[in-house]
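Comments concern the structure below.
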Amino acid sequence: MDFAKRTPLVAGNWKMNLTRAAAGALIGEMKPLLKDASCEVALCVPFTDLEAAGAAMAGSRIRLGAQNCHWAASGAFTGEISADMLRELGVAYVIIGHSERRQYFGESDQTVNARAKAALSAGLRVILCVGETLEQREAGEMEAVIRRQMAGALEGITGEQLREMVIAYEPVWAIGTGKTATAAQAGEVCGLIRSFLAEHYGAEAADGMRIQYGGSMNAKNAAELLAQKDIDGGLIGGASLKAPDFAAIVAAAKE
Ligand SMILES: O=C(CO)COP(=O)(O)O
């Protein structure tokens, strides 16, 4: 299948869930449910599950993803994982700048930028996450925050590199809370992101970019969110840990 421009990408982010054995079992359950998917599908799994998940995905269209990588190619960085290490395990996508990394592990726009560049140099595709907190939204700062995060993360990234990226809009207040952004809210911010890309990379590049929504997306609300013109897929947390729920979201993401 040719994953042409704007083919929706539905990616699961398992976060720190599932051991190797459980990962293999869940992928085994998902495979038959996803075989007729008309969008691109990826699962971003814990590092320790990568090898087993890659093996379990064999013969399916599911792409293997990771949840972070370091900015250096190698060196004295205890506890970190390089982009090359991921490549060697067959990883296609890596999430960079997830709000949980920013919130709990001190990620800044600068480290997000450095990690994204390292991933791209190693031949990985990057799912770059941006999103405002509830306080920022209520203070009327949503657009400024999104613009600052986008500008910081994309500093020095060329138009050619941008093509290997997907942007995920994940409002922090919607993650794991069951409080989804309305389709109109999510569509508005994804539209702002596309405008930012058009200003910095040109209209053609912006038109070809995939922009996902993430934050309490589930089997029930996926179709309405995915129907928004600027939303090209989803980044799914909790619902990606249940095969039927994830499959229902994938089914809602038509080309
Ligand atoms: O953070 C998310 C995906 O990266 C969203 O998580 P939930 O779908 O559990 O809200």
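In case you wondered, yes, glycine gets a Cβ from its N, Cα and C as well.
In TrEMBL, annotation is done automatically, which means it is predicted and not curated.
Features reported for this protein in TrEMBL:
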BINDING   ASN13, TRP14, LYS15, GLY176, SER216, GLY237, GLY238  substrate binding site
ACT_SITE  HIS98  active site, electrophile
ACT_SITE  GLU170  active site, proton acceptor
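Taking all protein chains in view, 19 other C-beta atoms sit within 10 angstroms of the C-beta of GLY238 (substrate binding site). Listed binding-site residues: TRP14, GLY176, SER216, GLY238. Those with a CB atom under 6 Å from ligand 1: GLY176, SER216, GLY238.
Residues near LYS15 (substrate binding site) in space but far in sequence (CB under 8 A, at least 6 apart, same chain), listed by position: PRO46, GLN67, GLU100, GLY237. Sequence-distant neighbours of the residue listed as 'active site, proton acceptor': residues of the same chain at least 6 apart with a C-beta under 8 Å from its C-beta are HIS98, SER99, CYS129, VAL130, GLY131, TYR213, GLY214, GLY215, LEU235. Each of the binding-site residues ASN13, SER216 was scored by the number of other CB atoms within 10 Å of its CB, and the largest score is that of ASN13. In this structure, of the binding-site residues GLY176, GLY237, the smallest number of CB atoms within 10 A of the CB marks GLY176.
Shown in sequence order, ALA23, LEU43, CYS44, VAL45, PRO46, ASP49, GLN67, SER240, LEU241 are the residues of the chain, 6+ apart in sequence, with a C-beta less than 8 angstroms from the C-beta of TRP14 (substrate binding site). Of all residue pairs in ASN13, TRP14, LYS15, GLY176, SER216, GLY237, GLY238, the annotated binders of substrate, the farthest apart have Cα atoms separated by 14 Å.
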